[in-house]
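Chemist: Here you go, one structure.
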Amino acid sequence: MTKKDIVSIVSKERAEEIYGLLTQSNLHSSDIEVIKKNEDYCLKILNEALTHTSFNLSINHERLEFQGDAVLRLAASEYIQSHFPKLSVGDRSALRAQLVSDRWLAKVGYKIGIKTTMLIANKALKDEAATDTICAEGTEALIGALYECLRNIDAIQNWLEPYWNIESEEVLADPHKQNEKSALQEWSQGQGLNKPIYTIKEISKQHGDLKRFYCTVHIQNDFRGEGWGSSRKKAQKEAAKEALKKLTN
């Protein structure tokens, strides 16, 4: 049996593990039935998504992780449109940045126990620092695999909705949790533009000075915003915040 066959041919025991993960993740029973009707194909795709690159096989999760990224963004956009239609463009971008973030993906991965079902090399398993990344990558690949099996964006949205409801409530209750830089980049890429470019200057040498650093942000050479802060990070955050505000005007 070749390495490729390990992923392409799914044993009965492996199939039970995959179905157990889908059930534990609260995927709707009707969607699981759809998968079972095309079982040979779907199990192969799901097993591919659950095979980490560290396992050193030619077929691994990367292709489906890439697909999952696109599916996740679309599903999150439709979720926000449906649940928060009155949010401004800037606030929508800020919220979506959280709903598709690696942090959120890792959180979902932990909750559904994806790491215990993934094929991962022992060395990677022992690397505690890589655990969040592995869970995030696996969850995103699983999203891509489920879409490839179900071909139904509504099914993906319905599956993720309970997890998004919790995250949305936390983010909207605490605006400071939002990542303005990520939100601005989300907006920029959604418009087909380049990533924002931040330019920072140190205005004073005094520690604790709230305007020690000055930052401007440009998107494709267009000035979008400026901000000051006691650190480079805070100045960037303020510049991105101003840019997002301008999008709503």
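Think of each number as a place in line: the chain as shown, counted from 1.
Glycine is treated like the rest: Cβ placed from N, Cα and C.
OK, Swiss-Prot features for this one:
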ACT_SITE  ASP69  active site
ACT_SITE  GLU140  active site
BINDING   GLU65, GLU137, GLU140  Mg(2+) binding site
COMPBIAS  236-249  compositional bias 'Basic and acidic residues'
DOMAIN    29-151  domain 'RNase III'
DOMAIN    179-249  domain 'DRBM'
REGION    227-249  region 'Disordered'
Chemist: Averaged over the domain 'DRBM' (179-249), what pLDDT does the predicted model reach?
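Modeler: Taking every residue of the domain 'DRBM' (179-249) together, the mean pLDDT is 89.
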Chemist: For ASP69 (active site), what is the tally of other C-beta atoms lying within 10 angstroms of its C-beta?
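Modeler: Other Cβ atoms found within 10 Å: 16.
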Chemist: Go ahead and report the DSSP secondary structure tallies for the domain 'DRBM' (179-249): helix first, then strand, then coil.
Modeler: 27 helix, 21 strand, 23 coil
Chemist: For the C-alpha pair, I'd like the distance in angstrom between GLU65 (Mg(2+) binding site) and GLU140 (active site), rounded off.
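Modeler: That comes out at 5 Å between the alpha carbons.
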Chemist: What number of additional C-beta atoms lies within 10 angstroms of the C-beta atom of GLU137 (Mg(2+) binding site)?
Modeler: 26
Chemist: In whole Å, how far does the CA atom of GLU137 (Mg(2+) binding site) lie from that of ASP69 (active site)?
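Modeler: About 10 Å separate the Cα atoms of these two residues.
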Chemist: Which residue, out of the recorded positions GLU65, GLU140, shows the minimum number of other Cβ atoms inside 10 Å of its Cβ in this structure?
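Modeler: If we count Cβ atoms within 10 Å for the recorded positions GLU65, GLU140, the smallest count is at GLU65.
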Chemist: Between ASP69 (active site) and GLU140 (active site), what C-alpha distance do you get in Å?
Modeler: 6
